[in-house]
Amino acid sequence: MDNVENCAADVFERQAAFLSSALPYMQKYENETVVVKYGGHAMGDSTLGRAFARDIALLKQSGINPVVVHGGGPQIAEILMKMGIESRFENGLRVTDERIVEVVEMVLAGSINKEIVALINAEGEWAIGLCGKDGNMVFAEKAYKTVIDPDSHIERVLDLGFVGEPVEVDRTLLDLLACSEMIPVLAPVAPGHDGKTYNINADIFAGAIAGALEAKRLLFLTDVPGVLNKKGKLLKELTISEVENLIKNGTISGGMIPKVETCMKALQNGVEGVVILNGKTPHSVLLELFTEQGAGTLIVS
């Protein structure tokens, strides 16, 4: 019995020590905006989903203004398959035609968005699900992707259909929600001035939102620990110039390149710091914001 009591006392002591050490960081972020892009493996794991919702609720209860932006690529692919809708790809990128963009909006702004809202509300907070259409928050225009043919070296423009990029962000509605103690949960769907609906990459959408809000932090929850060096070791902090050099020497490659490019653009648009961290680690948001060592790679100007 003594051993059990001693173990319990040790656990409580560690918990108390964590809470005490977290206080300066809570004060640092009080009344600040933190945008969290939620995606990857964590979205498909119910335990991680509940932990994420609890983290977001705790941020709000600590006086921080959290804004959640979510993705949903795997869920969209699953619904398209169930509906018997075949996807066409250009250079590995899905072409979003008129029929598919309707499904995208249904899945992102509907089922996924409301599921996240429900998880946060279950933790005692007041979350509200929105997309770029609500309150004319975000306007998009058609995005074009250019590729270079490896044989002819001729540049070719890909038409990906209703894939867009944000060109205007109005923060008015988000500011009103912050004043109302509400937590916005945003789906990356937005209208164009042409009256069409566009599906936007969730990372890019989160970067645009964070820039418009001049967020203290933009957190990207991914399936990797952060930016790694060539030996596989986590790089804890980088500047824009260091990131550019790591791209040039091949340390940053593949799918990490567009992610860090989004990070750099967000910094140039007024975000103070951007963090790439592992969403598969329970409570990674709290570990990043409320501990000295953080939980991922911090990129600053």
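Yeah, the Cβs are placed from backbone N, Cα and C, and that goes for glycine too.
With a cut-off of 8 Å between CB atoms and residues at least 6 apart in sequence, the same chain places V69, H70, G71, A202, D203, A206, L218, L219, F220, L221 near K37 (site 'Transition state stabilizer'), listed in sequence order. Taken from Swiss-Prot, the feature site 'Transition state stabilizer' covers K37 (among others).
For G72 (substrate binding site), the same-chain residues lying six or more positions away in sequence with a CB closer than 8 A to its CB are G39, M43, V107, L108, I112, A187, A202. Per Swiss-Prot, substrate binding site is recorded for G72, G73, R94, N199.
Neighbour list (K259 (site 'Transition state stabilizer'), Cβ cut-off 8 Å, at least 6 residues apart, same chain): D203, F220, T222, I276. The annotation site 'Transition state stabilizer' is assigned in Swiss-Prot to K259 (among others) on the grounds of sequence analysis.
In this structure, the binding-site residues under consideration are G73, R94, and the one with the smallest number of other Cβ atoms within 10 Å of its Cβ is G73. Under the three-state DSSP scheme, N199 (substrate binding site) falls in the strand class. Neighbour density for N199 (substrate binding site): within 10 A of its CB lie 26 other CB atoms from the protein chains shown.
Compute the center of the Cβ atoms of G72, G73, R94, N199, which mark the site for substrate; besides them, the chain residues with Cβ within 8 Å of that center are G71, I76, A77, T96, V104, L108.
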